[in-house]
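What TrEMBL annotates here:
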MOD_RES   LYS33  N6-(pyridoxal phosphate)lysine
ACT_SITE  LYS33  active site, proton acceptor
BINDING   ARG128, MET290  substrate binding site
DOMAIN    221-343  domain 'Alanine racemase C-terminal'
ACT_SITE  TYR242  active site, proton acceptor
Amino acid sequence: MSTARLTINLQALASNWRALDAKTDVETGAVVKADAYGLGAEPVSATLAEEGVRKFFVAVAEEGVAVRKAIGPGPMIAVFSGHMEGDTDLLRDHDLMPLINAPEQFMRHQQALPDHPFGIQLDSGMNRLGLEPADWAELRPKAEALNPVVMMSHLACSDEPDHPMNRQQLKTFREMTDGTASPRSLAATGGTFLGPEFHFDFCRPGVGLYGGMPFAEAKPVVTVDLPVIQVRPVEVGESVGYGNSWIARRPSRIATVAAGYADGLHRAIGGGIDAFSGSQPCPVVGRISMDLITVDVTDLPEDPERLRILNGHQTVDDLAEAAGTIGYEILTSLGARFSRGYVE
Ligand SMILES: *Cc1c(COP(=O)(O)O)cnc(C)c1O
């Protein structure tokens, strides 16, 4: 092994979907945008389709093409960015369903693909994507006459269950959609834990499937193994890495592994995390470089050939906390250079 390796456990992925599905009495879809949060849209979507997922969500039409290829005809693939200019051929040729976000998108869709199914994305307060209440009030009779396949909105603060924004958005979403015959959806991973009022006709988790918070009981899906390039002795008082930020206080052995911030192991992670030899944690010391990380392996009985930086003991959320970010960002920035393997 000379390159770092990202291993994705598809069984853990499927098990997380089943666990999230069991939290509600409604259908559970799957958000597979951004290449399934960096883990590979095709194997992830194929696994979930086999598990019974019938509603997939991507950010842009191009991503939907890869998902359609993986799962074949049948299941719904909805596109959060809606029907953008230039999307018509992809939407039609790959049976992708745009989630209409604005009156102009509705017009575009009606002109370009009048018989092609669509959904409606509503802005219930996040002010990011979706039709505003006033635009929706005007469009609703025309849109509803065409039977939108879904009506959905997205919560801004669902990872904070007590945040008043959750109920505020629930109220707005209800006001915008009550009385409709279309299936409705409001909850992503966080919303799944807010109670049945938030579930409507289906939930659409993303990050929880991949082992991230706010799904606290998620099984870890990703492991990352880093090959050790060399191990060196370091004397008391000698420093390691850029900026001399770590200085040996005992005679030490330092392993240098082949991965760094160019692989999404952010420089901001700094200290405070470990790399594992089996279940034995070894502290990461010194600054994380572009392609190299230094690890104190003094307490290991022998020099390791590889060290694992992501596993069941140290999760994407632990790395995220050390870097001052969220698990989503760690997942999606991992390893363009890593070799990827899948465990069925
Ligand atoms: C990303 C996204 C989701 C999934 O969110 P998670 O927090 O990853 O579960 C659901 N809906 C929309 C509109 C999104 O953008």
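Here the Cβ of each residue, glycine as well, is placed from N, Cα and C on the backbone.
Taking the features listed in TrEMBL, we show where each one sits on the structure.
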residue : record                         : DSSP (3 states)
LYS33   : N6-(pyridoxal phosphate)lysine : helix
ARG128  : substrate binding site         : coil
TYR242  : active site, proton acceptor   : helix
MET290  : substrate binding site         : coil
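LYS33 (N6-(pyridoxal phosphate)lysine) sits 36 Å from TYR242 (active site, proton acceptor), taking the Cα positions as reference. Here the recorded positions are LYS33, ARG128, and the one whose Cβ sees the fewest other Cβ atoms within 10 Å is ARG128. A distance of 40 Å separates the Cα atom of ARG128 (substrate binding site) from that of TYR242 (active site, proton acceptor).
Using a 10 Å Cβ-Cβ cutoff, MET290 (substrate binding site) registers 10 neighbours. Residue counts for the domain 'Alanine racemase C-terminal' (221-343) under DSSP, split into helix (H, G, I), strand (E, B) and coil, are 24 helix, 49 strand, 50 coil. You'll find the Cα of MET290 (substrate binding site) roughly 11 Å from the Cα of TYR242 (active site, proton acceptor).
All protein chains shown were included, and the count of other CB atoms within 10 Å of the CB of TYR242 (active site, proton acceptor) stands at 12.
A mean pLDDT of 95 is what the model gives for the domain 'Alanine racemase C-terminal' (221-343).
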